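Working notes, structure below.
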Amino acid sequence: MFAWKDQSLISLFFLTALCFPQQVSCQHCVWYGECGKSSIEGKRLNCAYSGPPISLPEEGHALLQQLCPSLSYGNNTVCCDVQQLNTLNSNLQLPLQFLSRCPSCFYNFMTMFCELTCSPRQSEFLNVTNTEPYVDPSPQRANESIVAMEYYIGERFANAMYNACMNVEAPSSNVKALALLCGKDVKDCNATNWIQYMFNKDNGQVPFTITPIFSDDPVTSMLPMNNDTKSCNESVEDDGAPCSCQDCALTCGPVPQPPSLPPPWRIFGLDAMAVIMWIVYVVFLLLFSAVIIGSWCYRKKNIVSEYAPIDSNLAYSVNSTPIAGEPSCCDRLGERLENFLRIGFTKWGSFCVRKPWIVIFFSVLLIVICCFGLKYMKIITDPVELWSDPHSQARQEKEYFDSHFGPFFRTEQLIITAPNSSVHIYSPYPSGSDVPFGPPLAFDMLTQVLELQDGIENLKAYYNNETVMLKDICLAPLAPYNNNCTIFSVLNYFQNSFSVLNHSIQDDFYVYADYHTHFLYCVRSPASLNDTSVLHDPCLGTFGGPIFPWLVLGGYDDENYNNATALVVTFPVINFSNDTEKLNRAKAWELEFIKFVENYSNPNLSISFSAERSIEDEINRESKSDVTTVVISYALMFVYISLALGQIGDCSRILVDSKVSLGVAGILIVLSSVACSLGIFSYAGVSLTLIVIEVIPFLVLAVGVDNIYIIVQRYQRDERLHDETLDQQIGRILGDVAPSIFLSAFAETVAFFLGALSSMPAVRTFSLFAGMAVFIDFLLQITCFVSLLSLDIRRQEKNRLDILCCVPGCNRNRGTDKPKSWLFIFFKKFYAPVLMKDWIRPIVVSVFVGILSFSIAVVNKVEIGLDQSLSMPDDSYMLDYFGSLSKYLHTGPPVYFVVEEGHNYTTKEGQAMVCGGAGCNNNSLVQEIYTAAGISNYTKIGYAPSSWIDDYFDWVKPQSTCCRLYNDTEQFCNASVVNPSCMSCRPYTPEGKRKPVGEDFMKYLPMFLSDNPNPKCGKGGHAAYSSAVDLLDQNTDVGATYFMTYHTILKNSTDFIDAMRKARMIAQNITDNMDIPEKKYKVFPYSIFYVFYEQYLTIVDDTIFNLCVSLAAVFIVTVILLGFEFWSAVLMCITISMILVNMFGVMWLWNISLNAVSLVNLVMCCGISVEFCSHVTRAFSVSTRGNRVQRAEDALAHMGSSVFSGITLTKFVGIGVLGLSKSQIFKIFYFRMYLAMVLLGAAHGLIFLPVLLSYLGPQVNKAKVQAALQRVRGTEQERLFNH
């Protein structure tokens, strides 16, 4: 220990001896005091002085201790006076506000300026190179002012200072602090040019040029200033904290790496699903072929014919089912249920024929009562209500955000290009590389855009005889102090002024600075109040906020904003969501805005544009234009149905045998069921959507018309028995067909009502209305339609004309047989027998299983989402806007990370959990978002967040001039106010330099949030954060707050969905990091698009749930109403499942994405598939033919023609017209999907299902066969039955 002390004393003596011969040099000044005015406005020159340091007056001791504590010792002999200290303090306010968040950076920065200004050893590293005479009235003052000097700075010091400051963030503007202080783009800034720029007279901040010379070694007689520095990961004070991870990479842990994308699932280098399904299909073909060939060989050896009679003595049929013997309990139960339904519907049918007018009257009364509810009908047009569940996470978060911070503003936007302009080159003065400027940044283009912008600002709209202008509805964050509208435009760099845009400094030979200079500075320092060039124009927008270049420029590469090929001009308008009157005023102005831009003509500018109301307007226009298409589609189906119902055998009786009036009545019943459904739910206060209006008539028409065809064609094929009256015949027919109609209608109704369990509003609303419409349609068809059918039959039997029922027509020739339906004959005589041939059926199974295998292979490749351009008409101006968005924009929507009410910001621990400066946690909220922005390709977070709490801490620091109070009133004193009674809010003490906590925190926070930024204090929070903090209890507590940043550019649904998912993941991590016992709040992300895209996070699960629930409902109803024939229900549901899976295959082939619209169509497809399959399945179940093949043929012959003509042909007529629509959404989601579901439904119901039943169908129900034989024994029907 003593040896160490001795060695230190020797070293000190040696250094003192070295210094002694040059005592004047060691303690020697080069200036003292201020004298003379600089050519820079408001700046003064320093007085040349070559004497020893002078003791600082006592009044300057506190300021010296505050600014330069390393020089504050002993008697404070320094080379500066109090005025110089005040000037230093004033000039360093801007760097203080941006660099002091990193203490070690600011310590090094202040060291450099303190040594320059006050060091008693100035002469070692400062060399005066030029002075000018100065005459002062006081003889004590120097007679020379310094106008040029050299500052020798150690390279080690310069690099250490730069390294400590290079990553410091400016929270309010989402840029690096050096972007505001270096005069260059951050990526081009280094230690040398940063210091050179700060000491250059041209930046407007120093009174004369100081030339820095960098060297670690002595230069001639000069010893470079090479003081000790602090690294950014070192604390300046013993109890202080190093710079935060956000400002210093050295304090961070390992840089997070985004997880690598999972490799595509492949087998043999091919898509795994495709390979697996190929293998499964090949294995199936081999096994199926083996079974078919083995069965064929077995039959060839033992069976004479597939169609051999059951009692053949030579052989037997493999498909035969003996009827003899006792039926099982299930058979008896099924027969009893069947008999109950048959008898019930028979009696009901007879009653409807006997009392037609009573039935019709009460049916019409029911319709009128239900339709009266239409007066209460409400149509949802708000996209949020339409697509977002009120109880969903995104919806609740939106309501939370709106209630605490106000709803997100309405957006009016222009994207402008200059097709006739070209790139021009700007050559900076006095030196520098040439800078290319994109076409829209030419001066004449900017002036034309400014004229357009001014025209929009002066637009007048009229609402209720009142004039509405942009200034009446715009977002003005500094109102009432500053009523300028927020306009995000590159022209706001020039304060939207022609004079500022045209401002230049030039002479006859050179242009020293013009709009190019100002533009290049402002894109680097958008929050600057002085561009530090010779222009000295502000960059801050007229509304008081920064104009970020990524928001107002498009089509540039990397961050070379000067290469922009598009200008983006955005007018935010207040969203008066809770004030209808004000909202309508805003919409009226938006309508004028749209008309103005549509009619604006300038050959030099190409403009894409959008208003907040544009999408809703265009959808409404599209809906109106598609009304004609829908009406034509339905009209053609009506005509077809009316004409096809008739059974005309003789041209002379065409007006008698036609059933136009009955067809029209049937269609009116279908439409009445839709109207009744709308009316009933309107009574209940359930709002409907455009999807309901467009889709449900199509669905109910398919179901209703099918039932009409089944009833009418069954009558047309029937023969009235001897002594049988019309009511008995109709009752018997209804007893035969109504159970089948009841089966399909009830299964669809239950399936749709269970579909209402969906969390998606569009699907839920559709399911409710569809279920009710199908059920009412069934009720009206077995009541009103049956009565109308009986009246039409009586008219026909009396040979009266159709429509003109009082006019007699031609009598039918005696002996003329009732005409047969050619379609029925085709199915019975040709189609059904051919399909049931032994060699056709295996081919059918192989083909359909192959199609199913393909669909399963691609089902996971169907895209999710809805491109909003598809909802626009082909001629919409919005299509051009969407194209420009994708082509030019570089930044996505803003995203707010909201901290719910409950977090304690007044404690040191609570502050550390959210802030991003020194002393904050490395996993704080701001730091987590900053880290996420570093891997933006993965997280979709584009920038570090703007942080109100970090800017507040910088604003409230005692060394800052931002936070001041009148010492007599304790009221806030803005930094721009010159008043000696304004004192710093907090004392410059160790306690005062710390972050405010407790009452101190809340005392000054309202002042910060009301302070407007100005040249003396750019940290005022009014413009940037006035809405970001929800103050409670008369400003005594902090409620909810938000931290805003931006997503990266999002071009398609996949990007939007992924961005929301990643933002929620980040917010959950932040919430988890806030490890507070009994915490009752969370952090969540909010962006305007989340409510629309949240459904896609769960749409796969929702789709599976909805379709499975629908299938389960169909299965249960089918099992019961088929008389507990479990296996028949299984086969029918398998077929419906195949249709649904194949729909996904079609969606992949036809580029139809999975979204709410397509999910509604899939749910509807399940319902229509029931129509295609249930009638054939039930006909097979009740058939009494001898074997499966014969029963399948019989079912197909009798039901196939009705299903084919009732659904397939009817829909083909209507679907063809939908393909002519101007709407992309109609063409894709209606024309393509409807066509697919009809084709697949018909193919599976009329081809695959009969073949499947012929192979795997259940055995005949012995009880049903015996009961059927018992019923017809001894009657005329026995002959027909045996035939």
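Note that Cβ sites are derived from N, Cα and C of the backbone, with glycine treated the same way.
Whatever TrEMBL says is automated annotation, not expert-curated.
A quick note: this is a predicted structure, and the numbers were derived from the prediction, not measured.
Feature annotation from TrEMBL assigns signal peptide to 1-26.
Look at TrEMBL and you will find 275-298 (among others) tagged as transmembrane segment.
For 357-377 (among others), the entry in TrEMBL reads transmembrane segment.
TrEMBL lists 626-791 with the feature domain 'SSD'.
Residues or ranges marked as transmembrane segment by TrEMBL: 627-648 (among others).
Sequence annotations record features per position, and here TrEMBL assigns transmembrane segment to 660-684 (among others).
If you look up TrEMBL, you'll see 690-712 (among others) marked as transmembrane segment. Counting same-chain residues at least six beyond the ends of the transmembrane segment (690-712), those with a Cβ under 8 angstroms from any Cβ of the stretch are 379, 381, 619, 623, 626, 630, 634, 637, 641, 645, 659, 662-663, 666-667, 669-671, 673-674, 677-678, 733-734, 737, 740-741, 744-745, 748, 762, 765-766, 769-770, 773-774, 777-778, 781, 785-786, 789, 1157, 1160-1161, 1164, 1167-1168, 1171, 1175, 1199, 1202-1203, 1205-1207, 1210-1211, 1214, 1230, 1234.
Positions annotated as transmembrane segment by TrEMBL: 733-754 (among others). Sequence-distant contacts of the transmembrane segment (733-754), counting only residues of its own chain at least 6 positions beyond either end whose CB sits under 8 Å from a CB of the stretch, comprise 338, 341-346, 348-349, 703, 706-707, 710-711, 714-715, 718, 767-768, 770-772, 774-775, 777-778, 781-782, 786, 1109-1114, 1116-1118, 1121-1122, 1163, 1166-1167, 1170-1171, 1174-1175, 1178-1179, 1199.
Summarising the annotation, TrEMBL assigns transmembrane segment to 766-791 (among others).
Beyond its flanks by at least six residues, the transmembrane segment (1104-1122) meets 334, 337, 341, 739, 742-743, 746-748, 750-752, 754-755, 757-758, 763, 1128-1130, 1132-1133, 1136-1137, 1140, 1159, 1162-1163, 1166-1167, 1170, 1174, 1177-1178, 1181 of its own chain at Cβ-Cβ distances under 8 Å. Among the features that TrEMBL reports, transmembrane segment is placed at 1104-1122 (among others).
Positions annotated as transmembrane segment by TrEMBL: 1129-1150 (among others).
Note on the transmembrane segment (1156-1174): residues 387, 691, 695, 698-699, 702-703, 706, 740, 743-744, 747-748, 751-752, 755, 760, 762-763, 766-767, 770, 774, 866, 1095, 1099, 1102-1103, 1106-1107, 1110-1111, 1114, 1118, 1132, 1135-1136, 1139-1140, 1143, 1147, 1203, 1207, 1225, 1229-1230, 1233-1234, 1237-1238, 1241-1242, 1244-1246, 1249 of its chain, located 6 or more positions outside it, place their CB under 8 angstroms from a CB of the stretch. Look at TrEMBL and you will find 1156-1174 (among others) tagged as transmembrane segment.
According to TrEMBL, the transmembrane segment annotation covers 1195-1221 (among others).
Look at TrEMBL and you will find 1233-1256 (among others) tagged as transmembrane segment. Residues 319, 698, 832, 835-836, 841, 844-845, 848, 1127-1128, 1131-1132, 1134-1136, 1138-1139, 1142-1143, 1146-1147, 1150, 1152, 1158, 1161, 1164-1165, 1168-1169, 1171-1173, 1176-1177, 1180, 1188-1189, 1191-1193, 1195-1196, 1200, 1203-1204, 1207-1208, 1211-1212, 1215, 1218 of the same chain sit 6 or more residues outside the transmembrane segment (1233-1256) yet have a Cβ under 8 Å from a Cβ within it.
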For the domain 'SSD' (626-791), would you mind checking the mean pLDDT of the predicted model?
79
